[in-house]
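Residues annotated as compositional bias 'Basic and acidic residues' in TrEMBL: 80-93. According to TrEMBL, the domain 'PiggyBac transposable element-derived protein' annotation covers 119-224, 227-342. Per TrEMBL, region 'Disordered' is recorded for 1-106.
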């Protein structure tokens, strides 16, 4: 002990041997041995130099070295971005986008010549022209042959123009006369004993056409599937015939088609867009700063604007998310909603964003029935007539017609 005390006071004395019980612990080489013997070190320097370097994994040694700070989740740069993209309340004003300059390629309205006697078939052919019909028939026949070559067992006869028009007429008829099952159109028992379509096309033939119907070219489909999710993929905007449509339109879509990238591209082409959007879409703000609370009241809303893109969260019976390039966030519009308060349902006026109000389908207007109608006879001999119920309720009990006013 005395020898060790002398060594601590005089660094020129050789280092004493370590005790036998601590032989497994190796003392670090004394740093003082490198100093000249004639130069005395201050006590502070002694304590700084004689301390052994901290060994990793043993104890919590304090490290006073300055390390560069990494910009992680809680860094100032990320916090600044979240503050810039934080959700705004409805009390905060939003900029109103400039109205679109609507310049259609032709004058809006019907383009039919009023001096020509148009039949239903001639009007129908304006939508299904001869070239369109022949293209659908060719693609359907090719698709049916492809199924046969793949081993699909079904009876197929080449589709003709006549069969295709009969097929379309059955589709239209099914929209006018709904039944429980499609096979009911070919039943012979009352009340399904229709003369059409059973007299014009069999049920199996209709099912074969429905099963093989194909609108696009099969080779082009394979090419498009190969280019899917690649740099060669064609943009949706390339499919819009702008020279035929013009610009200044507003496109309303649902959340299946809404994409911030698509809305931005169409906005550069003077096409406005608005629609519901899924929160997991690429480009939708993911910040939780000033977000809607979990138990938000009906009518609460939040919004974020990124250039021309406006993102909105609005609480109705559930949360509604919108994206628009043609609306401001909130302009004071309201809607009527039924809200349960204290166990009683009450009608309450709640604020609504402009984008939600424009995409909502208004209820059909209720128009009172007319007070008069012309009597119409039907039947081969014009002997069957019926009283009009609406005219009867209006006080005119002698008007007979097969149709309600």
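Cβ from N, Cα, C; glycine included.
When DSSP labels each residue, the domain 'PiggyBac transposable element-derived protein' (119-224) comes out as 66 helix, 0 strand, 40 coil, counted as helix, strand and coil in that order. Using DSSP to sort the residues of the domain 'PiggyBac transposable element-derived protein' (227-342) gives these counts of helix, strand and coil: 18 helix, 38 strand, 60 coil.
Model confidence over the domain 'PiggyBac transposable element-derived protein' (119-224) is summarised by a mean pLDDT of 90.
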